[in-house]
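A quick write-up on the structure given underneath.
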Amino acid sequence: MMRSKPTLHCTNRLLLNLQINRNNTTPSSSSWNTQLRELAKQGQYEEGLRLYRQMLRSPAAPNAFTFPFALKSSAALSLPTSGEQLHCHVIKTGCHDEPFVQTALISMYCKCCLVGNARKLFDESPQSKQLTVCYNALISGYTQNSQFSNAVALFCQMRLAGVAVNSVTMLGLTPGCTSPMHLVFGMSLHCCNVKSGLASDLSAQNCLLTMYVRCGSVELARRCFDGMPEKGLITWNAMISGYSQNGLATHVLDLYREMELSGICPDAVTLVGVLSCCANLGAQKIGREVEQKIERSGIVCNSFLKNGLINMYSRCGNLVRARAIFDGMREKNLVSWTAIIGGYGMHGQGEIAVQLFDEMIRTGIRPDGTVFVSVLSACSHTGLTDKGLDYFYMMERNYGLLPGAEHYCCIVDLLGRAGRLQEARKLIESMSVEPDGAVWGALLGACKIHKDVELAELAFDRVIELEPTNTGYYVLLSNIYSEAKNIWGVSRMRVMIKERKLKKDPGCSYVEYKGKTHLFVAGDKSNPQTAEIYKLLDKLEGLILALGRPTKHEIERRNEELISRMGVHSEKLAIAFALLNSVGKEILVIKNLRVCGDCHLFIKLVSKIVDCHFVVRDATRFHHFKNGVCSCNDYW
DNA sequence: ATAGGGTTAG
């Protein structure tokens, strides 16, 4: 992308020196300006400012043509001190009434996060209020400084003043629509664009597409995308990232393929989106292809891409490769550390995760809420209870970070696993933020481990208030009743599910095969090999029986009717599919929720029969099944 | 010659 930059840089230097030294006369202001313009055009802003300072020392005086370039450089580098200095020079040279300079000043202050200064300039100059460009600069400034309501107010003021609105006005305003509550306004902007004939502009369309994604409507974004007769790289990237951010991983892969077919060359931004979906799907082969593509095509592997690779390899079970990339990074940022810490946590290697976290702190990186989620969940999976609690209290005390529901969720899980159930319950009751379903769900899960029916019922009541349609919780409590031989409880769950007309477990599983990912949901019959899959599952049940083990898990037998309502679990279908197609010695199955007890036992027994190593990644961690043994007993 | 805009990770 920016590969040729260093050479250009040298060339420019040479050119500059040549031009300044060739003619023994001192260069005129306009020749300084030409050089400044070239540097700004090529994004060499540091060089630009250096040149400007050089100019100040020369006999040539800066003029109205000098400032826009110099200001642009300060703005791009977000250097308010240098910007304010330039402002002084502007006044000293009497250029402050020049509209171009005024606009550049407004824009500079906005980019340096000093919107107040920008507004003051705007208000104090009567002519600014007549100029589209000044409004545009300030409107986009408000938007970029998260002051959308001010941007909208100024937009209204602009229209009342009768100042012409153009496509750049829309480009400044549209990105302010960032949440579903802005959708209606965003759509009205879209209409406005169409009516005033501004909609054919490629950038405006890219902007609208992104706006729909951020407002939560991927469908409308896709409709925009499909309606664009000419698509640029940014168009494809915006759509791919849109799918990726909304977890529509298979759509990402389809679109990426389509993009390649249409002859558009992906760049780093594209591949970041693709890697993120490979991570979600456990599609390591596709992810590896992406890595090879980076090496072959000479795309600069920037920190975004490296972090994407670390995350992809960690979540596909290849910690060795993830670690190698991490170790090879010269400048590791917070995201890099979070990705690798999360990777070790998911693999049950909490000690290493904790060591890495401490190392990160030592290198002077300030942690945020997300990296605390990684390290806290790593502690809970490895039973590092006290260590986890230390970190939890450290959050607020040392870093002023208020724990959110997701942190409480980790701590409830941590205390729960350690059998400190009442402590966990008290913690929930003392929470400063409203507990969500996951928090009570964690307590419910802990009650299963420690067979506490009474507390389980309490947690269940709370969780079901918050997530009444999540069938996983009904099954979980039913399993708890089942283990306690509480037949009444089991049937109560059955009735509740029936009455509430809850049907399918929303869970799904993925397997990668021949460079494609195959999706299964519970009770799925849409796969072309469905008949063979069910036949193989029957055969496996038979083989398990021949081992002298029960055909079905005891719990599953008691819950038979309940399970049959849910359909065959997605994990079982995915495993049968993988075996049927000889995916390999090691089979990776991705489950979007938690692996349940029934499947856990089933997979364990199957790994005894077939010469295969199963790796299941669920919502929280990796489970390795081999020769009838599993690496952990962590399931719902 | 001179001002205003869109896509990226945990």
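In case you wondered, yes, glycine gets a Cβ from its N, Cα and C as well.
What TrEMBL records for this protein:
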REPEAT    A:28-62  repeat 'PPR'
REPEAT    A:131-165  repeat 'PPR'
REPEAT    A:232-266  repeat 'PPR'
REPEAT    A:333-367  repeat 'PPR'
DOMAIN    A:564-636  domain 'DYW'
Ask   = What parts of the chain pack near the repeat 'PPR' (A:131-165), using Cβ distances under 8 Å and only residues at least 6 beyond its ends?
value = 99, 102-103, 106-107, 109-111, 113, 115, 118-119, 122, 125, 171-173, 175-178, 182, 185, 196
Inquiry  = I'm checking region-level scores; what's the whole-number mean pLDDT for the repeat 'PPR' (A:333-367)?
reply    = 97
Ask   = What does DSSP give as the helix, strand and coil breakdown of the domain 'DYW' (A:564-636)?
value = 27 helix, 18 strand, 28 coil
Note = Taking DSSP helix as H, G and I and strand as E and B, the repeat 'PPR' (A:28-62) has 26 helix, 0 strand, 9 coil
